[in-house]
Amino acid sequence: MSDTTANTEAAPAVENVQTEVQTETVESPVAEAAPAAEEAPKTEDASKEEEKKPEATKSIDRADYKNNRKYDPSTQPVTDDPVKIRNQVEFYFSDSNLPTDKFMWETTGGVENKPVSLKTICSFKRMQMFQPYSAVVAALKESAFLDVSGEEGQETVKRKKAYTSSSDAQKARLAASVYVKGFGEETGSTQFDIEAFFTKFGQVNLVKLRRNEENKFKGSVFVEFKTEDEANAFVALNPAPKWQDQELVIKKKKDYLDEKTQLIKEGKMEPGTSKKKIFFEGSIKGAERGRGRGGRSGGDKGDWKSRRDNDQRNGFKGGRGRGRGGRGGRGGRGGRDNRDRNNDNNNKRAREDDGDKSAEPAAKKVDTKTEAVEQQ
């Protein structure tokens, strides 16, 4: 994929859920959330407490987390540039986005490669900068990656070659990815600004802004370059690149994930309690894991070291699966036998970024494990 591809926004009147992409974030349409309940007026003491909080904390909208995401494609000028149009639409169908984008995956049928209405694609927020519609059609007819067909005004688009799930491809994507931190507060154009920053260092498939549980930008990103060599060259730059004169923390994504995993094993970092659901190749994962560790009530967050010690005594083997289940977890009251747990393991699929999977291949445990660490 190319440098300026990203954001799969929702169709009109539909809210978007981010799974950022190629040089930008990808959003997939989801049902609009119900209006938040009206907040009770703050007391004087509560207002004083609020004043003591750091600015970053005060700016969080706890009534509606969607407001914490500042991404705004209307900050970009309208254009009919055929290269930018192709890059963006190809991104939506790319291996870097398709398996993790619930809307695109379900619309195309994933490996079925069903055609998608071009007008639906043009309804995505980021696509609305590309005008007129005829310019989009003309640009895509020159694509080496996509096929355009249908009567004028009713065009559909699909990949020339259907998506195929591959564990080797997933590993290659991880090897071509980097972790970079130090981008500060988010503005409406941050996604676009960071994309432009990275395209100076190589061909970029995806730029994913990392967000916390409240949908607020963490100031760090995962970037997938076209090749592992480009990623390695970026990490090795001397002097290291800066962002608006600010120093950046730069490392390979795999190194970042391995470091976090090691800190958790050593008891120096608390495991993440994220219950974010991760979509990948037609499956949604993540919710059971978060629920299982704490049982029905969520458990005692401070008891993670005890769980870790028990896991270590059991060699991080079968006992761990039972421990996570508890009464309300995966294992039910008594846990499941080894045969059932083995079946679970064989059904796990690898994921990269916000997920990545398809309906056929065998287990890919390595990527599945790192997915939870990415939330740290």
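Cβ atoms here come from the backbone N, Cα and C positions, even for glycine.
A quick note: this is a predicted structure, and the numbers were derived from the prediction, not measured.
Listed in TrEMBL for this protein:
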type: REGION; residues: 1-81; note: region 'Disordered'
type: COMPBIAS; residues: 23-38; note: compositional bias 'Low complexity'
type: COMPBIAS; residues: 39-72; note: compositional bias 'Basic and acidic residues'
type: DOMAIN; residues: 75-165; note: domain 'HTH La-type RNA-binding'
type: DOMAIN; residues: 176-255; note: domain 'RRM'
type: REGION; residues: 267-376; note: region 'Disordered'
type: COMPBIAS; residues: 298-314; note: compositional bias 'Basic and acidic residues'
type: COMPBIAS; residues: 334-376; note: compositional bias 'Basic and acidic residues'
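In the predicted model, the domain 'HTH La-type RNA-binding' (75-165) has a mean pLDDT of 97. Counted with DSSP, the domain 'HTH La-type RNA-binding' (75-165) comes out as 44 helix, 12 strand, 35 coil.
Each residue of the domain 'RRM' (176-255) gets a DSSP state, and the totals for helix, strand and coil are 23 helix, 28 strand, 29 coil.
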